[in-house]
Each structure stands twice: as structure tokens, then as C-alpha cells.
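> Dumping what TrEMBL says about this protein:
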- LYS353: ATP binding site (BINDING)
- 224-234: compositional bias 'Pro residues' (COMPBIAS)
- 1-96: domain 'Gnk2-homologous' (DOMAIN)
- 107-216: domain 'Gnk2-homologous' (DOMAIN)
- 324-581: domain 'Protein kinase' (DOMAIN)
- 222-241: region 'Disordered' (REGION)
- 605-630: region 'Disordered' (REGION)
- 244-267: transmembrane segment (TRANSMEM)
Amino acid sequence: MTNNYSDDSQYQKNLAELLAKMPTAAINNGWFYNGTAGTGADQVFGLIMCFADRNATQCEDCLKGAPADIMAKCRGSCNVNAAYDTCLLRYANASFFSVATTEEAFYVGMQVCGLLGDPSLNYTSVDMARSDLMKRLAQRAADSPLLLANNSTSATFNGSEVDIYGLAQCPRDLTPEGCKSCLTSYVGLLPERFPKDLGGGIKGYSCYVRYNISSFDVTLPPVVSTPPPPPQPQPSSSDSKSGLVIGLSVGSVSVLIILGFSTCLLLRRRQKRAAKMLQKSRQQELEEGVFFDDEELEMEDDFKKGTGPKRFRYAELATAADNFSDEHKLGEGGFGSVYHGFLTELSLAVAIKRVSKSSKQGRKEYAAEVRIISRLQHRNLVQLIGWCHGGGELLLVYELMPNGSLDAHLYNNNLLLTWQQRHEVVLGIASAILYLHQEWEHSRNFGLARLVDHSRGSHTTAISGTIGYMDPECMVTGRANAESDVYSFGVLLLEIACGRRPMVVIGEDVIHLVRWVWESYYGRGTILDAADARLNGEFDVTEMETVMIVGLWCAHPDRSLRPSIRQAVNVLRSEAPLPSLPPRMPVATFLPPPDAFYYTSSVATGASSSTTGTSTTQSSSSTETSTLLK
């Protein structure tokens, strides 16, 4: 096809169809949409999105007005890229999705009258601070699910301290690598484009960077709500279940995979109750006195400077979660409960972890958790948004995952996960755990070493979680470390590949997924027969075999014979050969537990927790503590 189309052509009809649906589709999809219309040589590919430094009204006005404006100005053109001040619109006769380009749309500088050009002024501190901030934002944006990041830093200019604010953003169709490549390119151009400017930005078709010494608003896209899943068919006695909590531990820090959260609930604003809670929380904070010791005060001071998550008041979070009502509860674990909430001022749906007063996670552990998690940046880790220690409560605030839990999809017979989707989940979780383990190994780079006594080895004061996912040795010895993470990951791999729960209790019989796969199939050389039958054989044979064998390897009863997460990832990525395992599942022996050890296991509340007849199962549907994996 040529670069132009004629009126009444099929391409023109397809283009009109696509442009007509793009505004509504983007508004309903968090201010971003990419899609197609038509087929073959007349197919049209289109993308529309908002830039984050504009408010919701400006964004939606641009989304609605851009298509008509483009048709008026560029009629007859098959390929158009239009970067407005507020939004971006692109369409073409060939796919450009997930392809990063460093082509610039425009850039603009903000000069301060009377300051620029003065040779007596020193811009070195501003330049260095700007460079450091924007490089960090480029990495954070690439790791973010929204491909978006903003933050601030400080610098000395003309004898005074000034704050520098930055923003980095990419269209959400890009890969993290493509996004980072584009942002890094633009960040490298900032000194050339704005050598002595105290504000500026470069806007392109694949990314956008901006900085300024004056603060500017950044509006996050609204959370995309998803409809509740269709009713599940009545399970048989062998498949009835009750959702239980999943527990994972990384080194000395308790880590939970949150494989999803429920769809958003409507916030009911109750002003009188909020006012009473605010008064109560302020009084309790005064009575409690100083919460942090000297080391933790340094953490609080860091956060106030904008280098970490926000500190919330108790009344804000209680109001957001309807005073932590049962209707807002998403799940419950050994360290407390997790609630859905909506922060009105930020227009943001969140998950609020409310640490139980009876939890062994005391104030020191809470402070360590805030400090540790705030430094974790990975696109498959849920972002820590804020924290609170008011109202007699310890609270952590995370971004809410809108797409539902993994098991809601894995066991949904009406909308079955394909093998390609399952394999992507496997690699995504593996990548996040690898990141966590690597950060643990390099903890001295960001202060973990001062919060954790490494000379004691890996020991936890409380193990919380679901028996089906937990390393049996943890339950006996009370010691959790990287190897126990790998065990839980192995069980999860088998669950995803086989479509079966980790453990099923039928009367007095207990069926463990690991033993079932190992002895009934792997030991007989028929491991592919353990694959989820609902897939009807529609999977990559090599990938399926790899996932299941790596799952068994990771869940090896002897933790000394398990792989590191790096070794497991290398095999999953076909960068290393499959391991050779014995045909019969080995029997492990453990040392006796320490006197201080205890174990807790909590049943999740809500619709997902049920018991039918004499059969119970343990699933990956609920919530627990700490760092959260997407």
C-alpha cells in the first residue's frame, strides 16, 4: 500500500472505525489504548494515550478531540504520529506496537529570567542532580507496570537549595527494554538540549522525559476495574476447596506472592466518621510518643524528602477502607489482614496491609520492612506507596492489582489460561524472585545490612503461610531462607503446569502435588501426562516438560540439592540443560526445631474461603505480608 489513501477506500473506512472507538476505549483502559481495524493490506494499527503531567479533564478532552483533529489536518495520510501537549495519537498501515523509536516530536525549555547566562552562577550541582534523578526515573519507569515514574531530588543553586522534579513515561505497549532504551536516549540529550535551563522536556512517540525546579502535578491513570468472574460450577467432592494463605520468605525478610487482588469496590465516604478517626489517631500518636529509634528516624527523614513512600495519617487509610470493614477485606495472613481502599486525594485504589496487634512482626520489623521494600524496584513487584503508624496501628499501603488472582484465572473453566499465558506468568514470577534474591545478596548497597544481623544466619521468629506451598523443613526447623523460596516457587510451577492444587485432603487421604507428579509420572517417564488436561495438548512440549522438571527440582525434599533461583531461571529460559532427578522422590531429614520457633497458618476470609464435605484444598488466592509480586 502507498502512504496515502483515497476517500471511500477500505483503508479509510477501517481508519474511521478505529478512530471512532479509540477515545472511549482509552478512557475505559486507564488512558491508554492500542488496537487494529480491518485485515490484510487495509488493516489499520492505532495507539492513543495521555501524558501523565496533565489532569484527568485535560486528558479526556484530548483523547476525545485528537481523532477529529487528525482527520481534519492529515486526511489522506496512511501513517500519522501526532504528539499533542496532553496526549499522543498514532496510526499506520503496518504494526508499530512494542517498537521503540527515539524520534523526537518536540522539546521545550523553561528559562528563568535574569539567571541564565550569568557566568557567576554555578549549575554543576543542578546538572548532576538532574542527571542522577532522570537516570533513576528511566530505570524505575521501565520496571513499572504503567511504564511511568516520577520523583524529586534536591540540589544547590545560587547559594540556595532547590528541589528538582522529574517525570519519565512510555506508552504501555513497549517492552521494559524498549522503554528504557528510549528514555535513556532522551535523558542523555538533556544536557545538550538544556545546558543551563532549570526546566525542560523532550517528547517523542515512544517516550517522554521532563524535569523542572518547580513542582508539577502527575496524574496516575485510573485503576481499570474488571467484572467479577462468572459463577463457578459446583465442584465434586474431590475438588472442593478452601482458600488458604501462601507464605514465602526471602532471606531474613518474610515475602509473600500476592498473585492478585479482588476487583475494586465502591468507596462510601463517611465524613463524620473520618473526623472522629482523625481526632482519635492524632491523640493516640501523641500518647504513643516517638515510634522510631535513631536509625529509623533517619528512614523517616529520608521519606519526608521524597526519596521513599509517603507517610499517611491513620484517618486517611481508615476512611479509604471504610474503617477496615469486612466488605473491604481481601485476605488474612499470619502478620495481619489486607484491605482494599481508595485514596480520594490521589484518585488511586490501594491494598492496605494492617499488621495484627498480636503479630510477631513488631515495630522494629515493621520499620525494616518499610525501609527494605521501598528500595525494591521491579515491574513484577507491587509498589509500596506509603505507610502509617498512627491510631495504634502499623499499616503499609501498596498499589492494587486490578486483574484478579491467578487462581481465579487458572481454575476458571469458562476462560482458560493458555499455555503461552501460563509460561509468561512463570517467567515473570521467576524474574521477580531472582531480583529479590540478588538484592538480598547485595543488601549492603542500600542499607539492609544495618537492619539485619547476618551473623545469625537465616532465621525467622515466625513462619506464616500455607502448608501446601511451604518448605516442610521450615515447618520443622523454623528457618526460612532462599532455598525455601525456591521450594514454594517449585510448587507454584507444578500448579500452573498441571492445573491442580498443591495439596488436597480427601477424608484421611492427603494428595501432595509434588509427590503425585514425581512418583506417578516423572519416575515412569511420562511427565507430560501430568499436564493440565484442559489444555488438550495445546502447549509447547519442551516448555511444559521444562517447567514441570524445574518445579520438581525446586521442590526437592533436600534443600541442599535444590537449585538457586538463578539456576532455575537459566533452565526455564533454555540457557542451561535440564537436571537429572532420581525416579523416586527422596525422603529428607531435618534438625530439631529451636525452642523459640512457632508456626501459624491462617485461613483466608471472604467468598474464596469455603469448606465442602470432607475435602479441603489449599490455593494461591489469598494474601499475606511484605513485598508483593505481581
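We number each residue from 1, going along the chain as drawn.
Every residue gets a Cβ built from N, Cα and C, even glycine.
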> Give, as a single whole number between 0 and 100, the mean pLDDT over the domain 'Gnk2-homologous' (107-216).
83
> Test of understanding: give the count of other CB atoms lying within 10 angstroms of the CB of the residue listed as 'ATP binding site'.
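The answer is 28 other Cβ atoms.
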> Please spell out the DSSP helix, strand and coil residue counts for the domain 'Gnk2-homologous' (1-96).
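Tallying H, G and I as helix, E and B as strand, the rest coil: 39 helix, 25 strand, 32 coil.
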> Any idea what DSSP makes of LYS353 (ATP binding site), helix, strand or coil?
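The residue in question, LYS353 (ATP binding site), is strand (DSSP, three-state).
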